[in-house]
Amino acid sequence: MSYTPGVGGDPAQLAQRISSNIQKITQCSAEIQRTLNQLGTPQDSPELRQQLQQKQQYTNQLTKETDKYIKEFGSLPTTPSEQRQRKIQKDRLVGEFTTSLTNFQKVQRQAAEREKEFVARVRASSRVSGSFPEDSSKERNLVSWESQTQPQVQVQDEEITEDDLRLIHERESSIRQLEADIMDINEIFKDLGMMIHEQGDVIDSIEANVENAEVHVQQANQQLSRAADYQRKSRKTLCIIILILVIGVVIIGLIIWGLNR
């Protein structure tokens, strides 16, 4: 599976794509675990190991794709009013992705250990011959070494065969790939940690600006309240002065009227 960047810049579609990938990673990890449990049993076969490797590669690609989607989701523009809700949504996706990554890395480590055990058995069996059912299917017999029922063995001085070398090289190559995939997952974990830290700094800055704005609004409201009080007092004083003037005019008018009589 290859990464196809962008879903039209739609946060809802991008979040849905991320959630879908997380579910796939979780499902694939469970399938890988079931396959690992079949290794070393009668169900083991080269075909089964090939399917296991393909499933691991597919899941590893999913993790890289999801990491890019989450980065894209975090870089989408947003308004201050949407910021907190976007952060909650992103934190949820990051948490779910981290859980699925942890499970996948766990089964990857188990797969690497199984491959190392297989190589060790191949190396050991290269100098051991036993009463195996078919000489032509040596790989199947080596894989099922643990499930054999007490074969009669004797040590020989023969050198390691070309088939043994081929098996060892294939498994060692698989081990190197698994270890590289595990390192890739570690890098994704680091990316997720950085994204959470940066997102937290952005939110803290926005919250600080909002708090400062609220303080300024409160101060402005207090100033407006004081101005309104002052205006009411000024109007009251003006009304009293006018009333006094009116009373004074009435009194003067009465005095003049009395003198004229």
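Glycine too: its Cβ is placed from the backbone N, Cα and C atoms.
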For which of the residue intervals 24-46, 47-69 does Swiss-Prot record coiled coil?
47-69
Sequence-distant neighbours of S75 (phosphoserine) in its chain (C-beta under 8 A, six or more apart):
none
How would DSSP class S75 (phosphoserine) in three states?
helix
